[in-house]
Amino acid sequence: MPFFDVQKRLGVDLDRWMTIQSAEQPHKIPSRCHAFEKEWIECAHGIGSIRAEKECKIEFEDFRECLLRQKTMKRLHAIRRQREKLIKEGKYTPPPHHSGQEEPRS
């Protein structure tokens, strides 16, 4: 037990904010993955962790993708590789504002 409980003195509950994104946020702004987490929690609530692992797999995968963005990053990496390949082959020339050659606007 801490000598001076800062969270209690300030009236904030950082532990709840950091564990569940669906919890009430300090500025009333929902987190990016609020909807996905809520669906997963609603699906898994009351059925136990073993059943929830099987029955709520789709909801959990959606929530995980929203948090980590692994599929999105993989897709962006593939697009970037294709773009670089086309530039190297001479089939695509990026616009000047993409390569930093255009003068800045005033």
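Each Cβ is built from the backbone N, Cα and C atoms, and glycine gets one as well.
Taken residue by residue with DSSP, Cys33 (disulfide bond) is part of neither helix nor strand, so it is coil. Its Cβ placed at the centre, Cys33 (disulfide bond) has 18 other Cβ atoms within 10 Å. For Cys33-Cys66 (among others), the entry in Swiss-Prot reads disulfide bond, with the evidence type sequence analysis.
If you take the C-beta of Cys43 (disulfide bond) and look for same-chain residues 6 or more apart in sequence within under 8 angstroms, you find Ala52, Glu55, Cys56, Glu59. Annotation source Swiss-Prot lists disulfide bond at Cys43-Cys56 (among others).
Annotated domain 'CHCH' per Swiss-Prot: 30-74, in sequence order, evidence recorded as sequence analysis.
Sequence annotations record features per position, and here Swiss-Prot assigns region 'Disordered' to 84-106.
Taken from Swiss-Prot, the feature motif 'Cx9C motif 1' covers 33-43.
With helix defined as DSSP H, G or I and strand as E or B, the motif 'Cx9C motif 2' (56-66) counts 10 helix, 0 strand, 1 coil. The motif 'Cx9C motif 2' annotation in Swiss-Prot covers 56-66.
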If you run through the region 'Disordered' (84-106) with DSSP, how many residues end up as helix, strand and coil?
-> 10 helix, 0 strand, 13 coil
Cβ packing number for Cys66 (disulfide bond), 10 Å threshold = 17
